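Take a look at the structure below.
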Amino acid sequence: MASATRPATETRSISPLIQRSAWKALKTHFDSIREVHLRELFAKDPSRGERMTVDGAGLFLDYSKNRITGDTVKLLLQLAEELGLAARIEAMFRGEKINVTEKRAVLHIALRAPKGSSIVVDGANVVPEVHAVLDKMEAFADRVRSGEWKGHTGKRIRNIINIGIGGSDLGPVMAYEALRHYSDRSLTFRFVSNVDGTDFAEAVQDLDPAETLFIISSKTFTTLETMTNAHSARDWSLAGLGGDEKSVAKHFVAVSTNSSEVAKFGIDTANMFEFWDWVGGRYSMDSAIGLSTMVAVGPENFRAMLDGFHQMDEHFRTAPFERNLPVLIGLLGIWYNNFFGAHTVAVLPYEQYLKRFPAYLQQLTMESNGKHVTLDGAHVDYATGPIYWGEPGTNGQHSFYQLIHQGTNLIPCDFIAFTETLNELGRHHDMLIANVFAQTEALAFGKTAEQVKSEGTPDWLVPHRVFEGNRPSNTILADRLTPQTLGKLVALYEHSVFTQGTIWQINSFDQWGVELGKALAQRIIPELENAVEPALKHDSSTNNLIRRYRQRRQKP
Ligand code: F6P
């Protein structure tokens, strides 16, 4: 939605981005480099493997296996400069309302600002509020973890279920899985998001309501899925606790910006953990939305995670762009997306605990940068956010890597690995890491027909066994997956999304694209449930599907 004073969309045949001199220079440069093989780049410049690396905030990035030269980096940095990236970063950190369509500041960086710092929104310093909520979360987490917080019947809480969706689910579930090693194993954590009743039914089927606490996490507290699950949770809890409404106060807490809806639901607002409209859902895992994370890993670990986020924030804000991890990763993404025409990015964590990291990144990247108009409402005439996907290594190697190695799509990959494992087990870790390095090497350098022939391969089989190589990748290495490292990793991608959104001149902080489906579902729900056959006014396909569902549905 554009501002009230501007038309919602305006058509411009050529957007300023592709007219910019840095963009044009990149295009010319691309034409000269598009066919150059990584084999040649490494042969001509044998030290690039050491030089094209950056250490930032404790993360190490090797970006040498990208189809770039020093000139490419210079031109990409020039593009960032022309688009005013430095000023945009400052605007975000100053609390300016850069989310123009919702007229909001974008201040996830305030969630991890140290006590005593100051970030002003609408005349008020928000940092003390952030720390007040953190302290409240800490007191609550300690009570649950120590067993002091009792359920309605006096039993201690042993099961914590976070109910939320999107940013109110993906961050908590990803962080819980990522930090499981640090979690209190005497507590059970589950995450319910889908409006499909199976999600809730399976989450509670072996649990005792007397020992189960629900955290209802929703920024708006109006989201269909979350409110439906929250009501089912209340019914389940009440049914198991003799129907006493007073039990709700012991078994339900809320995380929201909307205290009136929380109160309407029946949760005492004393048991509500607040956050603010300047925190986007997909940027909220380090706000009170991370309450389940804090209960799982303890306040100290949660604060260590915040410190990791903050270290990456400072790196992003202060490091020169040529040594700035989020900027470099963001710009390399632009290079493949907009010049090579790569439509997707694979994120491949070689760390089992990061198994939900690609799913988390999907919302972060695609809800942020899946936009078709610029900040001023003009239709873009260049590609914006690519599709992010991935699986933890080595599992992906035995499924989709075939396509990355020998298929016809160019898929830039981010490999993420740790030099230390949290579960030392024989030779497992060396094998795991050998696979990371082997994959990036194979993708970059491939195997020529000559090499294949020299192995005695019959001529007819040679083409099938050739690896063209020239498949680009980044390798991100950290020492060990700690709460602090997780904070750094998430902030790295948050800021690389920001960098890309700045170049594409889009609003990375709204998500109007989810609205239409929500509205249509509200219209269709009664058409499915009405006892009387409704008069349907959809297209013939939708009408027919609704009729078929009504005819065949066997209500229990
Ligand atoms: O999918 C749209 C969206 O608004 C996300 O941006 C958000 O994370 C999710 O729904 C959940 O919203 P809420 O926290 O308000 O329930």
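Backbone N, Cα and C define each Cβ position, glycine as well.
When other Cβ atoms within 10 Å of the Cβ of Glu367 (active site, proton donor) are tallied across all protein chains shown, the result is 22. Residues or ranges marked as active site, proton donor in TrEMBL: Glu367.
Feature annotation from TrEMBL assigns active site to His398 (among others). Secondary structure at His398 (active site), as computed by DSSP, is helix. Cβ neighbour count for His398 (active site) (all protein chains, 10 Å cutoff from its Cβ): 8.
The active site annotation in TrEMBL covers Lys518 (among others). Long-range Cβ contacts of Lys518 (active site) within its own chain (separation 6+, distance under 8 Å): Leu224. Lys518 (active site) falls within a helix when secondary structure is assigned with DSSP.
Rounded to a whole number, the C-alpha distance linking Glu367 (active site, proton donor) with His398 (active site) is 29 angstrom.
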